[in-house]
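Engineer: In case it's useful when we look at the structure, here is the feature table from TrEMBL:
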DOMAIN    21-479  domain 'Aldehyde dehydrogenase'
ACT_SITE  GLU257  active site
Amino acid sequence: MISESALLEKLPRGLFIGGEWQDGSRGTFPVKDPATGETLVEIADADAADGIRALDAAVAAQDAWAATPARTRSDILRRAFDLLTERADEFALLMTLEMGKPLAEARGEVTYGGEFLRWFSEEAVRISGRYGMTPEGTGRMVVSQRPVGPCFFITPWNFPLAMATRKIAPALAAGCTVVVKPAELTPLTTLAFVQLLVEAGLPEGVVNVITTTTSAAVSGPIIADPRLRKLSFTGSTPVGKKLIAQAAEGVLRVSMELGGNAPFVVFDDADLDAAVDGAMAAKFRNIGQACTAANRFIVHADVAEAFADRVSERVRAMKIGRGTEEGVQIGPLIDEKAVAGTAALVQDAVDRGATVRAGGSAIDGPGTFFEPTVITEVAAGSDILREEIFGPVLAIATFRGEDEAVRLANDTEYGLVSYVFTRDLARGHRMIDRLETGMMGLNVGVVSNAAAPFGGVKQSGMGREGGLEGIHEYLSTKYTLIPAS
Ligand code: NAD
């Protein structure tokens, strides 16, 4: 296993524009380890003009990349998958250092993130159209798929690799060029990944990376530029709304993977062992900092006590620490703001009558840690039931009838993912129909898969990443009519 210092030593630190590593016009900024608060490295800080130069490079490369045979694009993605698999340990360590997740979970993200490269290398060669006669028999209709053109991607800090590959792989497969702006808190994995893409044979200008501390100032001019054809964003709903408004100005195509407020419904007929296992995965993976994290545990009153006892016992046994340490299950939250926000949500719930069954507090530094926590008897109207927690807090409210469970589960402006535990197959099917959600786990706590369409309804966003659907986000449909004479 490579040492931390050797890994950081060989890391590129510039902007990657037109195939070259370049300095940022605003100098550099530090990237910190949230487990220690210490600076890992300093990297380039782009200004708006740097951002436009990155778009220039993507625009210049677009026609040649679109004309590159699909098999060639596919082979590059497949080589990238193979290289990533070979270097899984290095990418996992890098993510743990900049984001804080336990190393075992970071390895899991390398597997998940890598699968998008493999999946879309396979999809690249299956882009096809259709041919048919008009119903009147007077014309031949040709329907073809074209790459949408240069894309701009804005990614969040919580899954530094997977959020990048989930966008970059389908775009490259479709024949689009790209500018990526990773989150300023965790930009290092994207820099290492683009280096790997170059090794895999990616031509210059096809993927460009800009890192910056002034996201809005750099993104605005790119989004406003008429040469840009697609914006894909993963992040919070408030920022997503601003970006949709900016994109509307140029009628720019958008995909929005936004926040979640996942209900986790446990019926009284559920397999409680499976529900507890599912709850631990759905809540504490990524230290609770996932858009798919279970946010509201809605548990039948007859099994709520048993469920709370069992999750509390598991939570009290969790090992907290720096993600690089053996056996750690709970790393740090991303920053002080996240700790304060989590503490405020717990306090509000307690003020309204909730009981703390495990954890409940921030942990003194260094690092930004919060204890894994279970709270029960969470009252309707508590902030924690309305807002995305983004921390390791499992909050339990109760219900009695199926209609009440559905009403509570749907009582949110979000609709990304829902989890339901029941042994009753008919009820399971009814819940699939009745829950307002883009994705659902029926008796399972993790649903993400590169072969499946990931995305939400309501204010969780629009568009799908992965699956058969994912590549269509980067294709536009063209119809041609030819007289049938
Ligand atoms: P965020 O919205 O604060 O930031 C996301 C990205 O947007 C970052 O790169 C940030 O630098 C950039 N950004 C922030 N303000 C901007 C602006 N005004 N203009 C342009 N860019 C701007 O979100 P975050 O804290 O990085 O990530 C957590 C959020 O992401 C949560 O809400 C989570 O649910 C969501 N998320 C959603 C998915 C999904 O697929 N639906 C996946 C992961 C995370």
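Using the three backbone atoms N, Cα and C, a Cβ is placed for every residue, glycine included.
Please go over these features one by one and say how buried each is and what sits next to it.
Structural biologist: On the 0 to 100 pLDDT scale, the domain 'Aldehyde dehydrogenase' (21-479) averages 98 in this prediction.
GLU257 (active site) falls within a strand segment according to DSSP.
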Engineer: Enter the number of other CB atoms within 10 angstroms of the CB of GLU257 (active site).
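Structural biologist: The answer is 27 other Cβ atoms.
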